[in-house]
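Asker: Below you'll find the structure I mean.
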Amino acid sequence: MEQWLESAPGWTNVAVFFGLGALLLLVVLGFVTYAILAERKVMGFMQGRIGPNQVGGRLGLLQTVADVLKLLLKEDTIPKAADRPLYVLAPIIAFTPSFMVLAALPFTDAFRFADIGVGLLYYIAVSGLTTIGVVTGGWASNNKYALLGGMRAAAQMISYEIPLVMSALGVVLLAGSMNLVDIVTAQDNVWFIFAQPLAFLIFFIAAVAELNRVPFDLPEAESELVSGFHVEYSGFRWAFFMLAEYVYLFAMAALITILFLGGWHPVAFLGWIPGSVWFALKFCAIVYVLIWFRATFPRVRADQLMEFAWKVLLPLSLVNIVLTAVIKSLFF
């Protein structure tokens, strides 16, 4: 598809490109809608409850749709003491990078928007921009809880971005490329979760922290910060922050599938099943584990969060790079 889009420019290509972008947005919005429902159902099951069961039948299939409609009808309030331009701009800054990173993710061997030579670097660089929107929203709200939540988000991103990147370096060393398609191709014989188990563990933990998910949801800690950086937001502006969070859940689950679970490569002897199905199954498994974390683990303290990143994950990621370099030089 990307070869066709890169051919001679024309209005047809432009229209198709934006049409495919709109289609991807609809797919992601559908994922967000039912990821929220799945999260509520799974947590309800783990807590001995039924979960949503009224709107849209006994399974509550339209509960999230009803919640979104209710959210959009809420009053859009702006605090009197807020910095209005930045307050309005912050949700857009937070959401836009979350959708931009999807362009670099190959979902199958044939379906990808851009075959970027440094796709992994692109993802890491662009995803970090969301923190600017979070900090801006916290500061512009002129609220001490919002500001503290924004500063926590910045500190957490800086701390966990380093081990996340360094753990991904082991994958880059084995694949010999930062192109995500090449990384999937390099896992034709063995998935990198088996060749790089330590890197997978570090990357997964750092990814949970990057997503601000339990047990690392310090920027939004309800019991400490009254919802954190978006405490002063309501209506559709608050929805932008929530949407960014779940779009990143979509993107990070896809990235973990690409880097460590072989992407669309099948399990041995089951090659007759399409690659897109395998990608979806691995993707759903990662999303389920992230939901399971929320229903299982308590929130860690802020000091424990920082110490774990700098004193545990960072040294382990350095050890993994050295071991990978030695193994690469001796056996490959």
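From the backbone N, Cα and C atoms, a Cβ is placed for every residue, glycine too.
Pasting the relevant annotations from Swiss-Prot:
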type: TRANSMEM; residues: 16-36; note: transmembrane segment
type: TRANSMEM; residues: 87-107; note: transmembrane segment
type: TRANSMEM; residues: 116-136; note: transmembrane segment
type: TRANSMEM; residues: 164-184; note: transmembrane segment
type: TRANSMEM; residues: 190-210; note: transmembrane segment
type: TRANSMEM; residues: 231-251; note: transmembrane segment
type: TRANSMEM; residues: 253-273; note: transmembrane segment
type: TRANSMEM; residues: 277-297; note: transmembrane segment
type: TRANSMEM; residues: 312-332; note: transmembrane segment
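Can you tell me where each of these features sits in the structure?
Answerer: Sequence-distant contacts of the transmembrane segment (16-36) (same chain, six or more residues past either end, CB-CB distance under 8 Å): 1, 5, 64-65, 67-68, 99, 102, 113, 243, 246-247, 249-250, 287.
Under 8 Å from some Cβ of the transmembrane segment (87-107) lie the Cβ atoms of residues 24-25, 28, 78-79, 113-116, 119, 122-123, 126-130, 132-134, 136-137, 140-141, 180-181, 184, 232-233, 237-238, 240-241, 243-244, 247-248, 250-251, 254-255, 258, 263-264, 276, 279, all in the same chain and six or more residues away from its ends.
Here the transmembrane segment (277-297) has Cβ contacts under 8 Å with residues 35, 38-39, 42-43, 46-47, 107-108, 208, 211, 213-215, 249, 253-254, 256-257, 261-267 of the same chain, all six or more residues outside its ends.
For the transmembrane segment (312-332), same-chain residues at least 6 beyond its ends with a Cβ under 8 Å from one of its own Cβ atoms are 160, 162-163, 166-167, 169-170, 173-174, 196, 198-199, 202, 205-206.
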Asker: Take the transmembrane segment (253-273) and find every residue of the same chain, 6 or more past its ends, with a Cβ under 8 Å from one of its Cβ atoms.
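Answerer: 105-109, 120, 123, 168, 171, 180, 183-184, 187-188, 191-193, 196, 199-200, 203-204, 207, 279, 282-283, 286-287, 290.
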